[in-house]
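Asks: Annotation comment: TrEMBL describes 9-213 as domain 'HpcH/HpaI aldolase/citrate lyase'. What TrEMBL lists as substrate binding site is R70, E118. Residues or ranges marked as Mg(2+) binding site by TrEMBL: E118, D145.
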Amino acid sequence: MTKPIRPRRSMLYVPGDKPRALEKAKTLACDAILFDLEDAVAPENKARARDGIAEAVRSGAYGRRELILRVSGPDCAEDFALASALPIDGVLLPKVESPATVADAAARMPHPIWCMIETPLGVLRAAEIAASSDRLAGFVAGTNDITKDLHARHTPSRTPLLTALSLMVLAARAYGLAVIDGVHLDLDDLDGFEAACRQGADLGFDGKSLVHPNSIAIANRVFGPAPEEIARARAMVAAWEEARAQGLGVARINGAMVEQLHVDDANRLIALADAIARG
Ligand SMILES: CC(C)(COP(=O)(O)OP(=O)(O)OC[C@H]1O[C@@H](n2cnc3c(N)ncnc32)[C@H](O)[C@@H]1OP(=O)(O)O)[C@@H](O)C(=O)NCCC(=O)NCCSC(=O)C[C@H](O)C(=O)O
Ligand SMILES: [Mg+2]
């Protein structure tokens, strides 16, 4: 069954032990919040972070935003107990490297499952992981961990990561999962951030994971369809209906060859635009 389209242009990490950030996120225009219990929270603050996230989620003040909890590890019983007790939309597992990790998480709590793909083994097994469970909702790229494990360098072009990023997109698309690009570290480099978003969108990612509110508007713009793209898509669908009424299986529309597959893609873009407009 085809899953309904949900905008995931911008997914903001919010450390569970930062009350001001938890509060601010209620007002931000991100499509999703990744409440973090893993790397952004020091070991001595994990219990406080769980309490902070529980109170924040139970406030009910995050509106339409998709709420996802990143647990601190596959064995953290307290984190899974919290996930089970909260009205959230998903749980994000760090450093997934095998279907067994997904199966174990599925047995521990009832929510849709997201996997961080962020180790060489996780990347190489991405297809196996993606195929492993109908509880899976998507992948999030952990570009910092991969860069570290590859002994690669952070470069503006992200050339060292392109193989890993494309393998994640391939695996996700093969099994109908969402796929979200990794974070941009330089908070003041918004031009570089926008370039990375464009590259991620070109590669096929649905959106970008973010660490700071200053990047939400750019991610929403780059990963959302532009008004002229929506208008073009609607015009294509209308022209295609006329072509089909004449019995054509291929048509020339605005100077381009169009077949059913192009119309399917136009309809996907229109559905995304409509979902964004509904808010
Ligand atoms: C990166 C930061 C530590 C920067 O903090 P700071 O310099 O204090 O931010 P600002 O003063 O500019 O903040 C301005 C206001 O915005 C709020 N804020 C900041 N960040 C967030 C956020 N993420 N969500 C919500 N609100 C946020 C501040 O509270 C200020 O508001 P106010 O107090 O009302 O004025 C900080 O941005 C931060 O902690 N970001 C999140 C870091 C994080 O979650 N990291 C883990 C995820 S990334 C990762 O794990 C990588 C991955 O696994 C991989 O391998 O690649
Ligand atoms: Mg990581």
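Cβ coordinates are placed from backbone N, Cα and C, and glycine is handled just like the others.
The model shown is predicted, which means the values in this text are computed figures rather than measured ones.
Explain the structural surroundings of these features, please.
Replies: E118 (substrate binding site) falls within neither a helix nor a strand when secondary structure is assigned with DSSP, and so counts as coil. In this view, E118 (substrate binding site) is surrounded by 25 other Cβ atoms within 10 Å of its Cβ, with every protein chain counted.
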Asks: Quick check: in three-state DSSP terms, what is D145 (Mg(2+) binding site)?
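Replies: Assignment for D145 (Mg(2+) binding site) reads helix.
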Asks: Among R70, E118, D145, please name the binding-site residues whose Cβ is nearer than 6 Å to ligand 1.
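Replies: With ligand 1 as the reference and 6 Å as the Cβ limit, the list reads E118, D145.
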Asks: For D145 (Mg(2+) binding site), just count the other CB atoms lying within 10 A of its CB, please.
Replies: 19
Asks: Have a look around R70 (substrate binding site) and count the other CB atoms within 10 A of its CB, chains all included.
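Replies: Excluding its own Cβ, R70 (substrate binding site) sees 25 Cβ atoms within 10 Å.
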Asks: Between E118 (substrate binding site) and D145 (Mg(2+) binding site), find the distance joining the two CA atoms and give it rounded to the nearest Å.
Replies: 5
